C-alpha cells in the first residue's frame with residue numbers, strides 16, 4: 001500500500017492549515033487572495049466583509065497550505081456577530097500556523113487586544129504581519145506596540161511587514177517561511193483545488209461584496225446574499241439566480257433604488273467580476289427579499305449558510 005504522505009516519486013509531502021486572523025478591515029482577505037493569485041474571499045473597504053471562514057488552497061509538488069481567512073474578531077452585537085467570532089475561535093483551535101495581520105497606520109486598539117489574547121497562549125508558530133507600511137507614518141514604532149502585546153508568548157513568533165498593495169516579493173517571502181514549517185502530512189485537498197467553497201457560495205459572496213461597496217451607512221451590515229440556482233446553457237452562458245436579503249421593507253427600497261438603479265448597478269458590477277473569473281458570459285438575475293431581523297434569528301442564519 002502506498003504511503004499517503006509521499007508523492008508518486010517517493011518524495012515526502014507536507015501540508016497544514018494556516019489561520020489568518022486580525023481585527024476587522026486590516027487586509028486579511030486581500031492577503032489570502034494574494035497568496036493564491038486568485039480571488040476566493042470578498043474584499044471591500046468596509047469592516048466585517050468576511051463573515052465565514054474561507055479556505056484557500058495553495059499546492060506545490062510536495063507542499064500544500066490550506067489558508068483559513070477568518071472574520072474580524074470584534075465585540076458582537078447580534079447572533080451574526082457571535083457566529084463570526086465562533087468562526088475565528090474554531091479556526092484557531094484546528095490550525096498548525098497562525099498569521100496575525102495588523103494595520104500599522106494605527107496603534108493597537110481594544111479589538112487588537114482581543115486577538116492578542118486569543119493567540120498569546122497558543123503553542124503554535126505565529127507570524128505577526130504588519131500591513132499597510134507604505135501608508136503608515138511610524139510603522140516601526142507601531143510594530144513594537146503590537147509585538148509588546150505578544151509578550152510572554154513561548155511559541156515561535158516571526159515578523160514581516162507588507163505594503164498596502166501586498167508586494168508580490170513580500171508575500172512570496174512569507175509564503176516560503178510558512179512552507180518551511182509545515183508538518184509532514186498527506187495533502188488534504190486534490191491538486192488544483194483553490195478553495196473548499198461551493199461555486200454558489202463564492203458567487204453569493206461576490207454579490208454581497210458589490211452590495212457592500214454601493215450601499216451606505218449601516219445598511220451593508222444588514223444585507224446577506226445567496227444563490228438559489230446556477231445553470232449552464234449549451235452555448236456556455238452561465239445563468240445565475242440570486243437573492244439579496246434585508247431585514248426591513250424600507251431597506252428593500254434602498255437596495256433597489258429609484259427605478260431599480262441601485263440594484264442594476266450592484267448586479268452589473270457583480271456580473272463583471274463573475275465573468276472575469278469564470279471566463280464565461282454570465283446572466284445574473286437578482287431579487288431583493290425581506291427576512292425580518294435575520295441577524296438575530298438563528299434559524300434564518302442557518303438558512304443563509306451561517307452555521
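Each residue, glycine too, has its Cβ placed from N, Cα and C.
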(request) Look up region 'G4' in Swiss-Prot and report which of 127-130, 131-134, 135-138, 139-142 it refers to. (result) 131-134
(request) Could you check which of 6-13, 14-21, 22-29 is flagged in Swiss-Prot as region 'G1'? (result) 22-29
(message) Looking at 69-72, 73-76, 77-80, I want to know which stretch Swiss-Prot calls region 'G3'.
(response) 69-72
(request) Report, as numbers and ranges, which residues of the same chain sit near the region 'G2' (48-52): CB under 8 Å and 6 or more residues beyond its ends. (result) 24-25, 28-29, 41-42, 69-72, 74, 80, 83-84, 87, 201, 209, 212, 221, 305-306
(request) Note the mean pLDDT of the region 'G3' (69-72), expressed as a whole number. (result) 84
(request) Just give the helix, strand and coil counts over the region 'G3' (69-72), going by DSSP. (result) 0 helix, 1 strand, 3 coil
